[in-house]
């Protein structure tokens, strides 16, 4: 029959005497999604006065639902004078299939109130709706009801139950339901494996896959993709390669979903060569999902140039980036503190309308903060309409990095007022902010409130922050007492913080204890003997200094060289102490000598105690003058226009003398200088530093 012409139904009407023939036609229209023809037939039935019994109306309900026209289904359903179980089931299923999950659940409840006993199809549909909206408690009630009506062994109902519990993260229930089913098909196995791949334990996903193979159940691309996701989480490269072989044998290698899963797995385990090879197999596999996986893999491997080149390639091929693409690339700019690339990506974010995405905005907040542009970080945060916990934590972390403890506390109070629950990351940032601002009482108050008020159990990093908090404030005895009362030994960061505080405040005995503990934890770390050597040098115990240095030579422990770098244009310029390798070094040293004269006139007095060498004061002054951060600043002053900020990064803690010198430099040249050392940011302006000389 030709259903394309409106007049066809009019001619057929006299011959379609029975409802069964009409029902068959409507059923065919539903299966082939021929909405226009279905509407034409419906209108002919109405205009001809054909009696629409419950049987025919049910088929029309199903047809409109399958064609995505739920408004028509609802109107028909509401006008039905007599409904039966099929009518209710059609509506529940229709709502669920068309993603109207809450309507599916409410209609199921109305069906029960109407006294109808649900079928396996109604149960399957409402369970799917519960899974999609995360209503696990209501899903458990439906589970009990399904058992009551004898559907505990129905494969459709059980598969949806396993899927629901998996999607809601209740893997114990998912596994129990799975085990109770005697005959398990590939859909049931896939639901369980996918649940483990998304929620963990990831090892159970691999075990389930092995058991599925042993049972002789057919393997399809869906279960392979889910198992690959578990391999990615576990970094199980060999297992992933075995799955890759299975995919090749079954001819799945050109499937887009398979290409995406393989690219993601190889990227997450760090095998970027294989990831790139899979990515290049077929042009259809080069979609945004695969591109984002490849970019993220390169970012995790610190291969930033490769990540950016993939982005350029995808844009040339007309592939539009998504929020995950931008998040990975901006995250890379954060870790590398590459401002130029970060601002260019921000422009792309705006171009593609992702500036309103809370996750992308959170990464932008972090990027600007790590690049030293505090005002830009605050501006991006203030523009977020519905800030998530990621955004709040990003802004708190930025304030902590910049030593703005009071600002961090104010933001935390705003966060609570907005109803956002703090987590472990929140308190790390708060404690760090208090530590760098000397807010000892406030920091201790937050630490005590973590578990008592907010239910966040303190971890190693929180205890280390408290050690740092007390140590920086010179409360070394209190810090030692805190360490002795800890439920576990401090980690390397904790002992390093304590040792650094002992060096600053000249506590030789406690410094020696901290250094011994740190060398036990990290014998290859040069920080402990170097800091202890500085303590001895401050006390002019040169014999102890020489003993420590000989020990470092004997154990081949090398001091980490200090270096600083500054970005000019698209190039990073790196400087070491007394570095003569830069092509503009003559101009740099000329500028540096001129600055040294200017700041001495302004009142700068060299702090030679910071040089742990038994040499003349004049030699120490020369060494201080040629520290890497000063060379970087001198180069920036002759290379960067006055309208742009000077941002210098350093791999070690800025020394007290350089800190003093840079304050005077900012005063005599009238420019703001931002220095990021290995612990925080310093904003120098008009002879002052944002840290207030407490860092």
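Glycine is no exception: its Cβ is also placed from the backbone N, Cα and C atoms.
So that you can see what the record holds, here are the features copied from TrEMBL:
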| type | residues | note |
| --- | --- | --- |
| DOMAIN | 603-695 | domain 'DYW' |
| REPEAT | 84-118 | repeat 'PPR' |
| REPEAT | 185-219 | repeat 'PPR' |
| REPEAT | 287-321 | repeat 'PPR' |
| REPEAT | 388-422 | repeat 'PPR' |
| REPEAT | 423-453 | repeat 'PPR' |
Other parts of the chain folded back onto the repeat 'PPR' (287-321), taken as Cβ under 8 Å at six or more residues beyond its ends: 256, 259-260, 263-264, 266-268, 270, 272, 275-276, 278-279, 328-329, 331-333, 335-336, 338, 341, 348, 352
Distal contacts, the repeat 'PPR' (423-453) - CB-CB under 8 A, six or more residues away: 389, 392-393, 396-397, 399-401, 403-409, 412, 415, 459, 461-462, 465-466, 468-470, 472-473, 475, 679-680, 691, 694-695
Non-local residues, at least 6 beyond the ends, that sit with Cβ under 8 Å of the repeat 'PPR' (84-118): 54, 57-58, 61-62, 64-66, 68, 70, 73-74, 77, 125-126, 128-130, 132-133, 135, 138, 142, 145, 149
Average model confidence [pLDDT] within the repeat 'PPR' (287-321): 90
